[in-house]
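Contents: one structure, followed by commentary.
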Amino acid sequence: MASSEEDGTNGASEASDEKEATGKRRRLGFLATAWLTFYNIAMTAGWLVLAIAMVRFYMEKGTHRGLYKSIQKTLKFFQTFALLEVVHCLIGIVPTSVLVTGVQVSSRIFMVWLITHSIKPIQNEESVVLFLVSWTVTEITRYSFYTFSLLDHLPHFIKWARYNFFIILYPVGVAGELLTIYAALPYVKKSGMFSVRLPNKYNVSFDYYYFLLITMASYIPLFPQLYFHMLRQRRKVLHGEVIVEKDD
Amino acid sequence: MKHYEVEIRDAKTREKLCFLDKVEPQATISEIKTLFTKTHPQWYPARQSLRLDPKGKSLKDEDVLQKLPVGTTATLYFRDLGAQISWVTVFLTEYAGPLFIYLLFYFRVPFIYGRKYDFTSSRHTVVHLACMCHSFHYIKRLLETLFVHRFSHGTMPLRNIFKNCTYYWGFAAWMAYYINHPLYTPPTYGVQQVKLALAIFVICQLGNFSIHMALRDLRPAGSKTRKIPYPTKNPFTWLFLLVSCPNYTYEVGSWIGFAIMTQCVPVALFSLVGFTQMTIWAKGKHRSYLKEFRDYPPLRMPIIPFLL
């Protein structure tokens, strides 16, 4: 799931979400706070630049063709930089689960590097614009939410946006990603890219085409779980509802 | 003799579920669980977690009512652990699967490799050897489950059987597919590589078995006592000097041997995943030992001597 709305399913991060929102937080060292503030400001700026570039391109050219090519360097830079978020969880300065963050960032890296970067014919598909718009709005909201939380000045609108935009953006983003992967399938099959065939001395094979099919199928169980988790978090944070979580 | 009254409440809703009067002071939690089942038959003892505090730790079956920090009217909080399945059942199922599945690929049963290969046999010795090793490994595990292991817990959550079987059966099929494939490529360094790998495998299987026997002898039948394991006369157990869980060390060793023998990436991946899981378990066990025993040998590491 490429949407980065997920903030961890464990109690600690749900609590931290609430804590972030109300300005109370675990005691972070000065260096950690300074770094995270810088990181979140930089990412907010990066995705803003992307958004503006996309709008300008469309205003100037009137078409989405060539849009991906024009913003790809910026996209790759900022999306790849997000790998640091896994490190933040690993060293404990962000109280989210490493696994959840890892899955999210990996799925974004997968889309950017293993689909749109590697399969050039699909770069002008409309579905690409669909997920790019979804990601951009989501990330600007998310990173500015974190920035303001770290600065202890969270405008209600940002909090509202963070917990409401996803309702539309998440399914839109997923649709864009799935349609893009689907469009890429014939090219993958024909070229046999990223695939390893038998016989070989390591006695393994890998078929990228079938891998993509399985990836698409995996959205079916994963997307509803993440979506409903965000809905539950939304109810908790915005409306203070006490949800009795199913214990494991 | 003063009798106790025991009130059982739901840990989440605090709702009163059951009231037991005239409970013996020497009654164990296990006996209380049995009494609770009488009023709520769907919650058999294995799926009950009773605790003194709704968010606290589960009480043990052996705990005696009189020795708990409660007055003569005790309130216990109940949490449903969900459907349970016995450890023995889970182990037997998860180990029988790979044994059987691997053989399906070894005998090249139809619909796997293409019609012209149905029921054919590989011309590589190492493929037959690998089948023997893999089968031996899982037969050993099944026999150990039935005759050697002494389990602390009777049951685990039911969903574990689906998770565990997917893991074992899935990897077994994946490995077996390549090793028994008509286009299988034998190891680069030939017979030497296979011989070395076989030696590692056999030594580690013997080692793993020795540790299982040593652990079994630590604990009398039917008891749940825990003691520090020490090396015995059997040289394979001398690894206890350096690690807390040599059974895991030997298990990883066996699979590394098998990976070298077959020179097959899926086997290497299976070894890696297994190693990761066993390291987590070993670290947990090591921590428990350190917590429980003041005089625990300081030289020992959890799973890899001196390193991990």
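Indices start at 1 and increase along the chain as displayed.
Placed from the backbone N, Cα and C atoms, the Cβ positions cover glycine too.
Annotation comment: Swiss-Prot describes B:1-86 (among others) as topological domain 'Cytoplasmic'.
Applying an 8 A CB threshold to same-chain residues 6+ apart, the list for B:K22 (N6-acetyllysine) reads B:H3, B:E5. The secondary structure of B:K22 (N6-acetyllysine), as reduced to three states from DSSP, is extended strand. Among the features that Swiss-Prot reports, N6-acetyllysine is placed at B:K22 (among others), with the record citing similarity to another entry.
In this structure, B:S58 (phosphoserine) belongs to neither helix nor strand by DSSP; it is coil. Its Cβ taken as reference, B:S58 (phosphoserine) is surrounded by 14 other Cβ atoms within 10 Å in the chains shown. Residues annotated as phosphoserine in Swiss-Prot: B:S58.
The N6-acetyllysine annotation in Swiss-Prot covers B:K60 (among others) and rests on similarity to another entry. Here B:K60 (N6-acetyllysine) comes close to B:I29: these same-chain residues lie at least six apart in sequence, with C-beta atoms under 8 angstroms from its C-beta.
The transmembrane segment feature in Swiss-Prot is assigned to B:87-106 (among others).
With a cut-off of 8 Å between Cβ atoms, the residues of this chain six or more beyond the topological domain 'Lumenal' (B:107-124) that come close are 177, 180-182, 184, 186. The topological domain 'Lumenal' annotation in Swiss-Prot covers B:107-124 (among others).
According to Swiss-Prot, the transmembrane segment annotation covers B:125-147 (among others), on the basis of similarity to another entry. Same-chain residues lying 6 or more positions outside the transmembrane segment (B:125-147) and placing a CB less than 8 Å from one of its CB atoms are 88, 91-92, 95-96, 98-99, 102-103, 106, 172, 175-176, 179-180, 184, 186-187, 194, 198, 201, 205, 209, 212, 254, 258, 261-262.
Panel annotation: around the topological domain 'Cytoplasmic' (B:148-158), residues 46-47, 81-88, 90-91, 212-213, 216, 219, 221, 223-224 of the same chain, lying at least six beyond its termini, place a Cβ under 8 Å from a Cβ of the stretch. Marked as topological domain 'Cytoplasmic' by Swiss-Prot on the basis of similarity to another entry: B:148-158 (among others).
Under the heading transmembrane segment, Swiss-Prot lists B:159-180 (among others). With a cut-off of 8 Å between Cβ atoms, the residues of this chain six or more beyond the transmembrane segment (B:159-180) that come close are 82, 85, 89-90, 93-95, 97-98, 101-102, 104-106, 108, 112, 122, 127, 130-131, 134, 262, 264-267, 270, 273.
As annotated by Swiss-Prot, topological domain 'Lumenal' applies to B:181-189 (among others), with the evidence given as similarity to another entry. The average pLDDT computed for the topological domain 'Lumenal' (B:181-189) is 96.
Distant neighbours of the transmembrane segment (B:190-216): 125-126, 129, 133, 136-137, 140, 144, 148-150, 229, 232, 234, 236-237, 239-240, 246-247, 249-251, 253-254, 256-261, 263; these residues of the same chain sit at least 6 beyond its ends, with a Cβ under 8 Å from one of its Cβ atoms. The annotation transmembrane segment is assigned in Swiss-Prot to B:190-216 (among others).
Sequence annotations record features per position, and here Swiss-Prot assigns topological domain 'Cytoplasmic' to B:217-245 (among others). For the topological domain 'Cytoplasmic' (B:217-245), the DSSP counts in helix, strand and coil order read 9 helix, 1 strand, 19 coil.
Per Swiss-Prot, the feature transmembrane segment maps to B:246-262 (among others). Sequence-distant contacts of the transmembrane segment (B:246-262) (same chain, six or more residues past either end, CB-CB distance under 8 Å): 126, 129-130, 133-134, 137, 175, 179, 187, 193-194, 196-205, 207-208, 211-212, 215, 236-237, 239-240, 268, 270-271, 274-275, 278-279, 281-282, 303-305.
Look at Swiss-Prot and you will find B:265-292 (among others) tagged as transmembrane segment. Sequence-distant contacts of the transmembrane segment (B:265-292) (same chain, six or more residues past either end, CB-CB distance under 8 Å): 171, 174-175, 177-179, 226, 228, 243-245, 248, 251-252, 255-256, 258-259, 300-303, 308.
Secondary structure of the topological domain 'Cytoplasmic' (B:293-308) per DSSP (helix as H, G, I; strand as E, B; remaining residues coil): 0 helix, 1 strand, 15 coil. Residues annotated as topological domain 'Cytoplasmic' in Swiss-Prot, with similarity to another entry given as evidence: B:293-308 (among others).
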Q.
Can you break down the topological domain 'Lumenal' (B:107-124) into helix, strand and coil residue counts using DSSP?
A. 3 helix, 0 strand, 15 coil
**Q.** Helix, strand and coil counts within the topological domain 'Cytoplasmic' (B:148-158) (DSSP)
**A.** 0 helix, 3 strand, 8 coil
Q) So which residues does the topological domain 'Cytoplasmic' (B:217-245) touch in its own chain, when a touch means Cβ under 8 Å and the partner is 6 or more beyond its ends? A) 62, 150, 152, 206-207, 210-211, 278, 281-282, 285-286, 289, 292-293, 295-297, 299-306
Q) Counting each residue once, how many in the topological domain 'Cytoplasmic' (B:1-86) are helix, strand and coil under DSSP? A) 17 helix, 32 strand, 37 coil
Q. Any residues 6+ beyond the ends of the topological domain 'Cytoplasmic' (B:293-308) with a Cβ under 8 Å from its own?
A. 228, 239-245, 248-249, 252, 278-279, 282-283, 285-286
Q) Who are the chain neighbours of the topological domain 'Lumenal' (B:181-189) in space, where the CB to CB distance is under 8 Å and they lie at least 6 residues beyond its ends? A) 108, 113-114, 117, 120, 122, 124, 126-127, 197, 260-263
Q: May I have the DSSP-based helix, strand and coil counts for the residues of the topological domain 'Lumenal' (B:181-189)?
A: 0 helix, 0 strand, 9 coil
